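Copied from TrEMBL, the annotated features are:
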- ARG15, HIS16, GLY17, GLU18, THR19, VAL20, ASP21, ASN22, ARG67: substrate binding site (BINDING)
- 125-135: compositional bias 'Basic and acidic residues' (COMPBIAS)
- 107-143: region 'Disordered' (REGION)
Amino acid sequence: MEGNMARSIRLFLIRHGETVDNIAQVYAGSRDSALTNHGYQQATRLGLYLQSLGLTFTHLFSSHLQRAVKTASKIREAQLTPVGDNGTVRAAPKVVQLPVLAEKDFGSMEGKQPNSRPFETGTPGKDHRRQENKRTAGFAEAESKESMARRADAFIEEYLLPLFDDSSCNFTPVIAIVSHGIFLSTLWKRILLRLPRRRVCLSHGIEGAVRQSLEHLGGWSNTGYLELYFMRTEAEYHKSIMEATMTPVTTFSELLTGTLTAPQNLRNVHIPKSRVEGTAQLVIGAPQASKPRGLQGWSTFILRVNSKDHLQGLKRTRGGVGSLRYDASQRRIDTFFKRRKVE
């Protein structure tokens, strides 16, 4: 690869659509909670919106739980749009379902409300169960942060890093990862650990959305997404190696005060659309590192945080229908109210 040749990657970290357990406000980690009718509409809107931006996804990953799979499937479905006047359907990558992308397992709290408490105590349910876990038969502890971090690292090592390492790639990989709110936060933190901090930039207009730190960008709404753009040249790669040994880690305050703003806040950064129409071949089997391997030479631009533009104007179907479990065998609600044409 020539010294000034640029490589780039686009990455979308997406939360699934609304589920029946979201409506019930119960813990749903390993529970295979179904989308609501409203959640299905959210996922449909998301897929159509991303397609309208001209995005051609080369890789689609999702948790194996149905709420994530169905959301990812709606993204893929929107990609299968006719191309040209002959109506040829454009190819799209299959959704790769991975248990490693599943939500945090809440153990014995699965299916229970956060404020649930036994009648005989005044201790909130979660704290009470922590106290009683060793004395209660059948109690299951919630998954630890360390366990989720290991899962995130395993995914990064096996599926993401090979895409960053592939110097022969002559297109821009566009990657969607559909997962769950808590796990996505963990995944982002584990990605961030590998990035040169002096090369992480906030896009113009989202500074206000990032209030605490880069590690804590905020929560994910249903079908909300974090959009990242990575770029590297060989010259930047060699420069970053020197920076890693000569300069301190950038602080969050420096980032917010504009020390690391991208060229004219990304206005002059060209973000190409992927030209790949076929299914990109996955590279798997990368060895697991004992500690995170850095992505030297890559500049990272945070373009959108919890983006929900696709949900503008979407209203929940009234009468409680929007909150019901989505059933593909049922007719859409609006078909019941369509008027017959006057002959």
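Backbone N, Cα and C atoms are what each Cβ position is placed from, and that goes for glycine too.
Given the structure is predicted, the values throughout are model-derived calculations rather than measurements.
Known features from TrEMBL, placed on the structure.
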residue: ARG15; record: substrate binding site; Cβ neighbours (10 Å): 27
residue: GLY17; record: substrate binding site; Cβ neighbours (10 Å): 27
residue: THR19; record: substrate binding site; Cβ neighbours (10 Å): 25
residue: ASP21; record: substrate binding site; Cβ neighbours (10 Å): 19
residue: ARG67; record: substrate binding site; Cβ neighbours (10 Å): 32
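DSSP classifies ARG67 (substrate binding site) as helix under the three-state reduction. Within 8 A of the CB centroid of the substrate site residues ARG15, HIS16, GLY17, GLU18, THR19, VAL20, ASP21, ASN22, ARG67, the other residues of that chain are ALA28, SER33, ALA34, LEU35, THR36, GLY39, ASN222. Across the residues the record lists as binding substrate (ARG15, HIS16, GLY17, GLU18, THR19, VAL20, ASP21, ASN22, ARG67), the two Cα atoms farthest apart are 15 Å from each other.
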